[in-house]
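According to Swiss-Prot, the features are:
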ACT_SITE  His96  active site, electrophile
ACT_SITE  Glu166  active site, proton acceptor
BINDING   Asn10, Lys12  substrate binding site
MOD_RES   Thr131  phosphothreonine
MOD_RES   Ser139  phosphoserine
Amino acid sequence: MARKFFVGGNWKCNGTAEEVKKIVNTLNEAQVPSQDVVEVVVSPPYVFLPLVKSTLRSDFFVAAQNCWVKKGGAFTGEVSAEMLVNLDIPWVILGHSERRAILNESSEFVGDKVAYALAQGLKVIACVGETLEEREAGSTMDVVAAQTKAIADRVTNWSNVVIAYEPVWAIGTGKVASPAQAQEVHDELRKWLAKNVSADVAATTRIIYGGSVNGGNCKELGGQADVDGFLVGGASLKPEFIDIIKAAEVKKSA
């Protein structure tokens, strides 16, 4: 079964209500491949989720950028998976490298979050990736495998999981993993899933690439056999996000 191309736009901590409306209008007017070719998910900051959800075109979906690890309660400042479900938000991004690095989220904590979110009915974009120091030390796959294992130890059904490989050294830096570098890690990650989870999960789970993806490099990256789409940061706030969505066509013609 072919894996449907997936393009996620992570708006991070950006935007005003007016800016968000402009971005949504641009997306709503865009001519992009149909839903059977590409799945598009955008992830605005929490405060704009209802606005985006109510105004975004029906063939695009909305994701939160994070959620709490368990049921809500006395956790000031947190948002629970149940609240997202209540708002009819279908997706959530978990384990983003910025949260791992700045907020000290461990792989085990991320794994717990993924398992809890899935149990509440959310779909999860689970992020993994290595730092520049780890890559230069030759430990890329050790790091990525350990991060993935923390999820695999807690998750049995992978049908609602998309893995986002995001080399930390390429996020917001303008540095991009070459198509060959991205393909190598995606291929190794798929082999890890086959060996440690199941051949079926390895064959069907989408592994997307994140790290300075833009309109200029998306087609070559997307053309790699094991790159099933993108998690886009800065470029998702710009019109070139539409070009990145259109890169899904490379799979159709492959």
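Using N, Cα and C of the backbone, Cβ positions are placed for all residues, glycine too.
Recorded features from Swiss-Prot, shown on the structure.
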residue	record	CB count, 10 Å
Asn10	substrate binding site	26
Lys12	substrate binding site	18
His96	active site, electrophile	27
Thr131	phosphothreonine	17
Ser139	phosphoserine	15
Glu166	active site, proton acceptor	27
At the level of the C-alpha atoms, what whole-angstrom distance separates Ser139 (phosphoserine) and Glu166 (active site, proton acceptor)? 15
Measuring Cα to Cα, how far is the residue listed as 'phosphothreonine' from Glu166 (active site, proton acceptor) in Å? 9
Whole-number answer please: how many Å between the C-alpha atoms of His96 (active site, electrophile) and Glu166 (active site, proton acceptor)? 8
Integer Å distance between the CA atoms belonging to Asn10 (substrate binding site) and Glu166 (active site, proton acceptor): 12
